[in-house]
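The active site, proton acceptor annotation in Swiss-Prot covers HIS143. Marked as NAD(+) binding site by Swiss-Prot on the basis of sequence analysis: 24-43, 110-113, 231-233, 257-259, CYS275. Among the features that Swiss-Prot reports, substrate binding site is placed at TYR68, ARG71, with the record citing sequence analysis. If you look up Swiss-Prot, you'll see CYS151, CYS154, CYS193, CYS196 marked as Zn(2+) binding site. The feature domain 'Deacetylase sirtuin-type' is assigned by Swiss-Prot to 1-299, with sequence analysis given as support.
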Amino acid sequence: MPSTSIAEFREVLRNAKNIIAVAGAGLSAASGIPTFRGAGGMWRKYDAMSLATPEGFADNPSLVWQFYHYRREAALKADVNAAHLALASFSIPRIRHTVAPGSSFTLITQNVDGLSPRAMKCVLQGWDGVTLPEDPPYLIEMHGRLFDVKCTQCDHVELDTSSPICEGLAGTEKLVEQAVLDPEIPEENLPRCKKCGSLARPGVVWFGEMPHDLPLIDTLVEKADLCLVVGTSSTVYPAAGYASEVSANGGKVAVFNYERTMGDDDADFLFLGGCEETLPKALGLPDKPASEGAPASSL
């Protein structure tokens, strides 16, 4: 039976040296980003295979782009929540070392909403000259980003946070909310590659495609002695297997989820409830870890 003791968790945290967090849709639920597989998941009305596969895009790029335009608009309107901010703060060595001295940390997120990097900007705002460690990286977005636009022909990738991304999709997010999609938007009116002019696609990792940075992730998972599972039901591989691999290697696993899932079997600690409440409380980070004038080299 997993422990629910914050004191015991903090003792493990204090002694951990190589920490990873594996995050899923539940991390962003409190920000108003709909989850896919929960009871209220927005995919309940649609076939996921028709919306999140290369084959689905080839069959109906208009339908797929309307769906991802809806997700882009939702992400642009969303605010980061306390769990995003806690993980961002924990990524900064000076802050993290107050509760986990001498440790490294990487957040491996399955989310594509861009809220984790936005949270880091919020945490770092006003800190002149602060830099984050590059080895290991503080964040890996293994399933890509909603705001990356990838060419279907030349593979050019470009960050585009414009709203709407193109005039042909303007207002269609309201149709998605009503579960009425218009499949008749001409292909020439969908997003195009700014380099070669060909049809572009959302720059996310679809089912059947290879997630980003797998060799690096495998190395981090193999070294990890503590894995935080945050807002994920541990059903999508390879991420679903990371916690069990850490556990098999002798590391500890702490799960922060709204409700119990199959992934709890590997947990040493289980904190149920919204992770925007449970995670900051469990980490116990100081409110103000350093002065405004702290030298960048110490961070």
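Along the chain as shown, the residues are counted starting at 1.
Any Cβ shown, glycine's included, is placed from N, Cα and C.
Spacing of GLN110 (NAD(+) binding site) relative to CYS151 (Zn(2+) binding site) is 22 Å (Cα to Cα, whole number). The domain 'Deacetylase sirtuin-type' (1-299) scores a mean pLDDT of 87 in the predicted structure. Residues within less than 8 Å, Cβ to Cβ, of ARG71 (substrate binding site) and separated from it by at least 6 positions along the same chain comprise VAL112, ASP113, LEU146. Here the binding-site residues are CYS151, CYS154, CYS196, and the one ringed by the most other CB atoms within 10 angstroms is CYS151. Across the structure, SER28 (NAD(+) binding site) and CYS196 (Zn(2+) binding site) are spaced 35 Å apart at their Cα atoms.
Fewest other C-beta atoms within 10 angstroms, among the binding-site residues GLY24, GLY32, GLY231, are seen around GLY32. Other residues of the chain with a Cβ within 8 Å of the Cβ centroid of CYS151, CYS154, CYS193, CYS196, the Zn(2+) site, are THR152, GLN153, ASP155, HIS156, LYS194, LYS195, GLY197, SER198, ALA200. Taking only the Cα positions, the spacing between TYR258 (NAD(+) binding site) and the residue listed as 'active site, proton acceptor' is 22 angstrom. If you count neighbouring Cβ atoms within 10 Å for each of the binding-site residues SER28, GLN110, the highest count belongs to SER28. Taking all protein chains in view, 17 other C-beta atoms sit within 10 angstroms of the C-beta of TYR258 (NAD(+) binding site).
Recorded residues GLY231 (NAD(+) binding site) and the residue listed as 'active site, proton acceptor' have their alpha carbons 15 Å apart, per Cα-Cα distance. In the three-state DSSP reading, TYR68 (substrate binding site) counts as helix.
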